[in-house]
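As recorded in Swiss-Prot:
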- Cys3-Cys17: disulfide bond (DISULFID)
- Cys10-Cys22: disulfide bond (DISULFID)
- Cys13-Cys14: disulfide bond (DISULFID)
- Cys16-Cys33: disulfide bond (DISULFID)
- Ile2: site 'Important for the neurotoxic activity' (SITE)
- Arg8: site 'Critical for the neurotoxic activity' (SITE)
- Pro9: site 'Critical for the neurotoxic activity' (SITE)
- Cys13: site 'Critical for the neurotoxic activity' (SITE)
- Cys14: site 'Critical for the neurotoxic activity' (SITE)
- Val30: site 'Important for the neurotoxic activity' (SITE)
- Tyr32: site 'Critical for the neurotoxic activity' (SITE)
Amino acid sequence: TICTGADRPCAACCPCCPGTSCQGPESNGVVYCRNF
């Protein structure tokens, strides 16, 4: 599962996917929260 946090801080993005860690920002400026 990948949650994007383009319009908000990564800290606000990650809780929607338990077990994620913040990755990015990518070249498109989006911070992704990836579920391992």
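For all residues, glycine too, the Cβ spot is worked out from N, Cα and C.
Between the CA atoms of Cys33 (disulfide bond) and Cys22 (disulfide bond) there is a gap of 4 Å. Over all protein chains present, the Cβ of Cys22 (disulfide bond) has 16 other Cβ atoms lying within 10 Å. Ranking the recorded positions Val30, Cys33 by C-beta neighbours within 10 Å puts Cys33 at the top.
Around Tyr32 (site 'Critical for the neurotoxic activity'), taking its Cβ as the centre, 20 other Cβ atoms fall within 10 Å, counting all chains. Rounded to a whole number, the distance between the Cα atoms of Tyr32 (site 'Critical for the neurotoxic activity') and Cys22 (disulfide bond) is 6 Å.
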